[in-house]
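J.: Copying in the features that TrEMBL gives for the protein in this structure:
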ACT_SITE  273  active site, proton acceptor
BINDING   153, 217, 218, 242, 243, 244, 245  ATP binding site
BINDING   243  Mg(2+) binding site
BINDING   271, 272, 273, 316, 317, 318, 372, 424, 425, 426, 427  substrate binding site
DOMAIN    146-448  domain 'Phosphofructokinase'
SITE      244  site 'Important for substrate specificity'
Ligand SMILES: Nc1ncnc2c1ncn2[C@@H]1O[C@H](COP(=O)(O)OP(=O)(O)O)[C@@H](O)[C@H]1O
Ligand SMILES: O=P(O)(O)OC[C@H]1O[C@](O)(COP(=O)(O)O)[C@@H](O)[C@@H]1O
Ligand SMILES: [Mg+2]
């Protein structure tokens, strides 16, 4: 039966024979109204003002405006673009071109996944800046010293992005291109020399995973980084990293402005967790999902071939379960998908373990896919942080494995439990074809953005189009799986799992 948001929910638990009355854990209406209220609050919209829609759209345009060199240097000279292709002259993007951020016109807040500004769910246009080459540029290629730095954890596609930044810079005519070794650390560690980059150096780097430049967490302060940039004469910097790296990039941009340095700081979002706001996806995510399927398939084969086999796979996702959700959906072999956004119990009548027993009784085997950030409340909180200040997580995969073994022993049912942790294997692979294309376009657009004179921006794919966004807007908070979204519900449809609360 269908779940009505208006009533308590009657639905059949996956446990045999039990028809139970439950309140929906995510009462759709209240969540949606909460979202309406939150959106209105966030934008300080006075809905009683008849002009509120116009005002919202104007405020949005302002918020998503992308900082330009001329904001601080009104006299900065614009010259005709030096970006030229051998075969033909390129077509340019007009600075006024925009990409629509939200493309669904929800007719009511009850509509699945609806995010509304007002209770009537009025259609509001939210436009962001279109990425690509501009006719006028604000840097003379011969005056440019461009640097590339890759920070945070590894991610498939880093080399592809580096490669295309270098190739595109050369097409503009830049000769002085360097890589900063091992993330922000390379700015302060005197034992780590710059890596000279050219088309020749980067020609084949996309054929392997990892980063040609190396990565790191932690490192120097923003002041030290900008001191070092000043010393080295860097006036264009491409920063590849996640939310932490982008917070750093934005601080670098602000510090450069404070020092009146004419520098373009451009980010390219990198995280297999896919937790960056507003974009369809970040590069490396598709590859990670594809690779994760291999681990899930192995867990399935192991579980399916064993008597009462249970396969458990842990996938990355510090605070968001995108990889676990998408890999579960893609594989079609997962019975239970656990993500940080959706609380669950292991024990008790509605817990995961009881359901595992049901699966063993009915199917003979089961596969669990768990995101690393899920179920952290079951584990000891050590308060430990990594060098970047990220919380060090406990191993939920090991915990579920141990609890599963214990549980089946206690109830006297034999169970053959296998645990696979493929996390670092997934991160280290080279980008697949779709990520390869994404990386190519992002790398090229990062260079176009810098030459166009933008700074403090990042580049992303939005509704299949490429856009520039101001950094603060993409890192305001971590993007996470919406438990009310169609995608999570599709995942639940695929696994057939009940609520574990
Ligand atoms: N709020 C911040 N301000 C400035 N730099 C930051 C900030 N957060 C993280 N960083 C720096 O960014 C780099 C990468 O951050 P990290 O969180 O490890 O990875 P990611 O960028 O993938 O989220 C590290 O060198 C870290 O010191
Ligand atoms: O062992 P490391 O290098 O700290 O990486 C672990 C983390 O890297 C990630 O894959 C991605 O994190 P970043 O986006 O911060 O690089 C997380 O899912 C995971 O918690
Ligand atoms: Mg991060």
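Cβ coordinates come from backbone N, Cα and C, glycine included.
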J.: As a check: which entries in 218, 242, 243, 245, 372, the binding-site residues, place their Cβ less than 6 Å from an atom of ligand 1?
T.: 218, 242, 243, 245
J.: For the recorded positions listed here (273, 372), which one has the lowest count of neighbouring CB atoms within 10 Å of its own CB?
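T.: Lowest Cβ count within 10 Å among the recorded positions (273, 372) is 372.
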J.: What is the number of other Cβ atoms found within 10 Å of the Cβ of residue 425 (substrate binding site)?
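T.: Step by step: centre on the Cβ of residue 425 (substrate binding site), count other Cβ atoms within 10 Å, giving 14.
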J.: Tell me, if you would, which residue among 243, 245, 271 (binding-site residues) has the fewest other CB atoms within 10 Å in the structure shown?
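T.: Each of the binding-site residues 243, 245, 271 was scored by Cβ atoms within 10 Å; lowest is 243.
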J.: Return the members of 153, 218, 242, 243, 271, 273 (the recorded positions) with CB less than 6 angstroms from at least one atom of ligand 2, or none.
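T.: From 153, 218, 242, 243, 271, 273, counting a Cβ under 6 Å from ligand 2 as near, the near ones are 153, 242, 271, 273.
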J.: State the mean pLDDT for the domain 'Phosphofructokinase' (146-448).
T.: 97
J.: Distance between residue 242 (ATP binding site) and residue 271 (substrate binding site) at the Cα atoms, whole Å?
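T.: The separation of the Cα atoms works out to 5 Å.
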J.: Of 153, 218, 243, 244, 245, which is closest to residue 427 (substrate binding site) if I measure between C-alpha atoms? They're all binding-site residues.
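T.: Its closest listed neighbour, by Cα, is 153.
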J.: Have a look at the recorded positions 153, 218, 244, 245, 273 and say which one has the shortest Cα distance to residue 372 (substrate binding site).
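T.: With Cα distances computed to residue 372 (substrate binding site), the winner among 153, 218, 244, 245, 273 is 273.
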J.: Grab the substrate binding residues from the record (271, 272, 273, 316, 317, 318, 372, 424, 425, 426, 427) and give me their largest CA-CA distance in Å.
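T.: So the binding residues stretch over 16 Å, Cα to Cα.
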J.: Quick one: which of these binding-site residues, 271, 317, 425, have their CA within 10 A of residue 243 (ATP binding site)?
T.: 271
J.: Going by C-alpha distance, which of the binding-site residues 153, 217, 245 is nearest to residue 273 (active site, proton acceptor)?
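T.: Comparing Cα positions, the closest of these binding-site residues turns out to be 153.
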J.: Around residue 153 (ATP binding site), how many other C-beta atoms are within 10 angstroms of its C-beta?
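T.: Within a 10 Å radius of the Cβ of residue 153 (ATP binding site) lie 22 other Cβ atoms.
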J.: Within the set 153, 218, 242, 243, 244, 427, which binding-site residues show a CB-to-ligand 3 distance under 6 A?
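T.: Correct list: 242, 243, 244.
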